[in-house]
Amino acid sequence: MSFEISVEEIEELIETGNLNIDHALKELGATSQSSLNKPPSQSSRTEGNDGGTKISRNPAPVEAPAHTSTAQRSHNEENESGRQNLDSLSMISNKPQTGTLLMGSDTQLPSPSKTYQGLILDAKKRALNEPRRDQKITNEHGSMNDTRIFKRGEYRYQERGLGYTESEIKNTTPTPRHRREYSISWVNGRTTISEWCNPCCAPVKSTASVEKCTCGRCPKICELCIRDP
């Protein structure tokens, strides 16, 4: 099965294509592109001596609008500015980004558990580096070096470890000196550790408090609290 196309049909198809191209260029208001730069072929039919039909094509350039109209150009500029404004107002850019925090604060606070552990380690290091005082206590068991570090609630057990009986602990007059106390609190989302000295004759309380000397023999300042502000 074969198809034959006459010269008239070919010319009609070419003219129809040219009209479509011109109409598209006028609607878009764009200059002629490289893909549309092909010149339309205008066919002219000539009669040869041999009675045959010859087709000669004369290229003619396509006349595209040299520039867009003022209204079309202003419309394009408004659309472009509108897109830029929308991009600037949007929280998420339409362009791919890596390593950019779109919302939230720039810095992240450490978790309370990590902060608490770090403060505890610092307090332990300070306690180990603080100088200890050697005080001699004379009783029926003889002379001993007292290098105890006071801890809340452990004073009675330390006395037992040195050989004191329960009655001796109750009747013994405390040695005039200071004891170091600590308080751990949670303030404004952070763990804070406070430390201070209290006279040993003052009672030990469950709440943090600064006590005064009751025996009149405890020093006002010791080696531990001399560095306190």
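Residue numbering: from 1, along the chain as shown.
Cβ atoms here come from the backbone N, Cα and C positions, even for glycine.
So that you can see what the record holds, here are the features copied from Swiss-Prot:
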type: BINDING; residues: HIS178, CYS197, CYS222, CYS225; note: Zn(2+) 1 binding site
type: BINDING; residues: CYS201, CYS213, CYS215, CYS218; note: Zn(2+) 2 binding site
type: COMPBIAS; residues: 30-46; note: compositional bias 'Polar residues'
type: COMPBIAS; residues: 82-112; note: compositional bias 'Polar residues'
type: REGION; residues: 30-112; note: region 'Disordered'
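What Swiss-Prot annotates, mapped onto the structure for a quick look.
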| residue | record | Cβ neighbours (10 Å) |
| --- | --- | --- |
| HIS178 | Zn(2+) 1 binding site | 22 |
| CYS197 | Zn(2+) 1 binding site | 23 |
| CYS201 | Zn(2+) 2 binding site | 19 |
| CYS213 | Zn(2+) 2 binding site | 16 |
| CYS215 | Zn(2+) 2 binding site | 13 |
| CYS218 | Zn(2+) 2 binding site | 22 |
| CYS222 | Zn(2+) 1 binding site | 15 |
| CYS225 | Zn(2+) 1 binding site | 15 |
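Within 8 Å of the centroid defined by the CB atoms of HIS178, CYS197, CYS222, CYS225, the record's Zn(2+) 1 site, lie the Cβ atoms of ARG177, ARG179, ARG180, TRP196, ASN198, PRO219, ILE221, GLU223, LEU224, ILE226, excluding the listed residues themselves. When Cα-Cα distances from CYS218 (Zn(2+) 2 binding site) are compared across the binding-site residues HIS178, CYS197, CYS225, the shortest belongs to HIS178. Each residue contributes its Cα atom, and for CYS222 (Zn(2+) 1 binding site) and CYS215 (Zn(2+) 2 binding site) these two points are 16 Å apart. DSSP assigns CYS222 (Zn(2+) 1 binding site) to coil in the three-state reduction, outside any helix or strand. In this structure the alpha carbons, written CA, of CYS197 (Zn(2+) 1 binding site) and CYS213 (Zn(2+) 2 binding site) are 11 Å apart. HIS178 (Zn(2+) 1 binding site) sits 12 Å from CYS215 (Zn(2+) 2 binding site), taking the Cα positions as reference. Distance between Cα atoms for CYS215 (Zn(2+) 2 binding site) and CYS225 (Zn(2+) 1 binding site): 19 Å, as a whole number.
In this structure the C-alpha atoms belonging to CYS225 (Zn(2+) 1 binding site) and CYS213 (Zn(2+) 2 binding site) are separated by 15 Å.
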